[in-house]
Amino acid sequence: MYPESTTGSPARLSLRQTGSPGMIYSTRYGSPKRQLQFYRNLGKSGLRVSCLGLGTWVTFGGQITDEMAEQLMTLAYDNGINLFDTAEVYAAGKAEVVLGNIIKKKGWRRSSLVITTKIFWGGKAETERGLSRKHIIEGLKASLERLQLEYVDVVFANRPDPNTPMEETVRAMTHVINQGMAMYWGTSRWSSMEIMEAYSVARQFNLTPPICEQAEYHMFQREKVEVQLPELFHKIGVGAMTWSPLACGIVSGKYDSGIPPYSRASLKGYQWLKDKILSEEGRRQQAKLKELQAIAERLGCTLPQLAIAWCLRNEGVSSVLLGASNADQLMENIGAIQVLPKLSSSIIHEIDSILGNKPYSKKDYRS
């Protein structure tokens, strides 16, 4: 799919300033020079997003200082990242406040940014959560106030709501778009059937269908993004924005000898992650990561870079959301772009053999 490096050293990124926000990436491998597709369409919409985005879950308004958050956003923006994702529930709304303050302080043109937020869990009251017309409209209004913005580019339904009729949710999403509070809407953690239902309702009543599903995707979770979402993309144009490329840090290799202090698994409220890492399955994953580490060394990159590049190599993925708690981590993650051209079919096959979890679609069984 991409040319392989002709040298043993890691591919070098050349950054050249252009009129557009941030920079354009191009990789050189002797000749001819070939430009990587750093910006991709979000699903079949016309919205152009950087293939890497910066997420704010756990970090903004929580794990890191506001100063560090500003440093990370600036670093991301200067390196061509235009997509910044948050949610009303992150740090009980504080993540949106921090994000909004940074955008205002930096004075970046709003038109150069793609800001996305998610609605479902708002306040403690019964009416302050879910996907009712009331909460979608009031929740997004409150989000925009915290962000100090007139609109977000994409508003996501943060999970399905079995207590609200699909037509009500789709009508409310269409309403906030028509009111100029959002440009597009998408889903997060919805099943293919639920997304298909939303699309059908939109078509039936001449409403706006969703353009994107936000899904967890990493080396140990593949089925949805590799089998289910491509079918939806071809049928109805829904794209994939993925999160947790390092499986909450598991794929980074930092947990290979236990739980280090200050890591996400050591935080209050993340006992589930700690249990996952220390489980039998967690130990098996760590053994596989040791084998993957050898491939990373051969390619001249780190394990996190290999894992992120592996997510990016999937053409059905519009953007991979990164989480970072310091500048070095973010720059390392952005460096995954350099690894992407080196993921030849033989390397991918080798990774699949180690993981042993490649999902198969119906058409694979037929062939």
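Yeah, the Cβs are placed from backbone N, Cα and C, and that goes for glycine too.
Of the candidates ARG28, ARG48, ARG222, ARG264, Swiss-Prot marks one as asymmetric dimethylarginine, and that one is ARG28.
Swiss-Prot gives the label phosphoserine to one of SER26, SER112, SER192, SER345, namely SER112.
Of all the recorded positions listed (ASP85, SER112, SER244), SER112 has the fewest other CB atoms within 10 A of its CB.
With respect to Cβ neighbours within 10 Å, the binding-site residues THR56, SER325, ASN333 differ, and SER325 shows the lowest count. Cβ neighbours within 10 Å of ARG189 (NADP(+) binding site), excluding its own Cβ and spanning all shown chains: 18. Using a 10 Å Cα-Cα cut-off from THR56 (NADP(+) binding site), the recorded positions that qualify among TYR90, SER112, LYS124 are TYR90. Of the recorded residues, ASN333 (NADP(+) binding site) and TYR90 (active site, proton donor/acceptor) place their C-alpha atoms 22 Å from one another.
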